[in-house]
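Here TrEMBL flags His267, Asp318 as active site.
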Amino acid sequence: MTDSDIKKGLAGVVVDTTAISKVNPASNSLLYRGYPVQELAATQPFEAVAHLLWRGELPTDEELAELRALERAHRALEPEVKALIDLLPVQAHPMDEVRTAVSAIGATALAGSGNVLTAGGSVEQNLERSVRLFAQLPAIVAYGQRRRRGQELIEPRDDLDYSANFLWMTFGEDPDPVVVDAFNRSMILYAEHSFNASTFTARVVTSTQSDLYSAVTAAIGALKGPLHGGANEAVMHIFDEIGSSERVAAWLDDALANKRKIMGFGHRVYKNGDSRVPTMEAALVDLVEHYGRHDVMDLYSALENEFVARKGIYPNLDYPSGPAYNLIGFDTVTFTPLFVAARVVGWTAHILEQAASNALIRPLSSYSGPDERHVPGS
Ligand code: CMC
């Protein structure tokens, strides 16, 4: 093997099969268990898509009711988790807060569950753990934003579905249906995307027969980086820097002269446009209309048109979702935790799939250090 055989970043390498989602850059499509994601986003509540990703089929009415009952039963922030979050500095990045909270939930859930050989758990145990994490993350994310704003925790409401309750716990107001719908679509679009960096991280951890919480905690660490999930937060910083559509061209001249990456553009797999963007952009347009903020759309379109014309690199999902979350009222630092709350479904579906047909993931490397040498005097 020569160094030219190395696939840096595993680019183009197929490492396993998956039945969870199919990304097809040629036809610009993304299927969850066979269903186009844009059809799911237009018709389904997030809970139904979670069931689909975990179990392979859309739920019957009874199955959806069962999942919703379990999700509602675990929505409240556990007092121990809240106490732990409160120990962290209020300036801690919310991704660090979420990572710590998930790790603590795991330590509590696995306490007394035996040893490392049994902590991996059965399929049914892991499905239950997945639903619990799915149910608890909105409370963790919502409380994180409130804590940074010096506000009190808001208890969940049993009369609201997942997305509406998430907004309720964050803002403490009855959410408008237009906003709930846009938010629900974003959660569905973020839920799953095959072997991206964080999902692959979760699969690597699972491949050692470690437990689901360790895998999700590691995945959160991978998602935090600005080349992956952190891009939605970075998009908003760019919008803030530019300020208004008239300043786009001059800002871009400067950014490109300084070889800056423009966050929210480009993708390892999609080279002609991210299949999720049109659906999220439609949600952004609904929010722009709802809040009467056409200035946001002007800036959004101006930067997109200018950057695509100059570099031929297209927006990814983080580009429309950043300003959408900003309009809803989320703080910029909360954007990537929102991605966690959605992607936990995909991660846990992959953890179940990896565990069901496991092979330890252990690639090789080509050594490039010094030739063999010896310690003086040895
Ligand atoms: N701004 C400026 N130049 C770019 C960008 C960008 N956003 N994306 C790619 N390029 C250029 C890059 O500089 C390189 O140019 P050259 O060949 O002259 O050196 C060329 O395009 C290829 O880029 P690359 O980084 O080697 O391509 P990749 O497939 O490894 O990178 C990426 C994919 C997502 C890391 C990259 O496009 C990027 O850094 N984008 C900005 C961050 C971002 O938006 N990330 C979110 C990804 S989608 C959400 C998710 O799945 O998490």
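Including glycine, each Cβ sits where the backbone N, Cα and C put it.
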Please report the DSSP secondary structure of Asp318 (active site), reduced to three states. helix
Based on Cβ atoms within 10 Å, give me the single least packed residue among the active-site residues His267, Asp318. His267
As a whole number of Å, the Cα atom of His267 (active site) is distant from the Cα atom of Asp318 (active site) by 11
Where does His267 (active site) sit in DSSP terms: helix, strand, or coil? coil
